[in-house]
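Features reported for this protein in TrEMBL:
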DOMAIN    5-215  domain 'Josephin'
ACT_SITE  CYS18  active site
ACT_SITE  HIS154  active site
ACT_SITE  ASP169  active site
Amino acid sequence: MKLRDSPIYHEKQSFWLCAKHSLNNVLQQELYSHADLERIAKYLHELHPEQTGWLKFNSHKNFLGFGDYDVNVITSALQEHGYDLLWHDNRSDIEEADLSNSVGLIVHIQPDWFFRRGHWFAIKHFNQVLTTPVVPVTYVGQPRAARSSERGSHEYDAKSFEPGFWNLDSRLVHPEHIGDRDGLNEFLRQLSKRNRVHVLLIVPLNAPSTASLSS
């Protein structure tokens, strides 16, 4: 799950488990498993059976068990480990959000049509200079020779980045450096221009909220 010599924990996309990847990436450890989120989704489903509708499907996850968990599962999972989730109020600009108590962000891209699934991904701030491998992008069908290196498949050039925010999206080949708070604000503004986006702040339980947040 982590590149050799990389200081950043980064889970890559598997099935529809972006919620699991986002939780682990924002907390920088393999804290949650697929089984953990299945257990939580099952508990929430049994807690309010009246909300299941006439088909009796579990609305908190994909009925085939491939993931696709909703925000209720993420919230419950965080609370099990002493964290809470605050929604940023989209009526205010992201720069008004107080991130002082936040350990990271989870962003949800809402589907814009019925058959498209939403996607969760994590953003986290690191306070130190990080030196990470620069990983070449490969693609399906690329010749094996082009994917190989004389130095070996796990030896990459390295680059140092100043303290700042990182995009830990599980669909990325490797984490991407966003920059300082101004860079984060601009990143989220540009994302919101192309998608319906919700920004969720991950904070310790009982951390104070601000006027720019809504629970």
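Keep in mind that glycine also has a Cβ here, set from the backbone N, Cα and C atoms.
Please treat TrEMBL annotations as automatic predictions, because they have not gone through curation.
The shown structure was predicted, so the numbers you read here are calculated from the model rather than taken from an experiment.
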Neighbour count (Cβ, 10 Å) for ASP169 (active site): 22
Cα separation, CYS18 (active site) to ASP169 (active site) (Å, whole number): 8
Neighbour tally for CYS18 (active site), based on other Cβ positions within 10 Å of its Cβ: 27
Overall pLDDT of the domain 'Josephin' (5-215), taken as the mean: 81
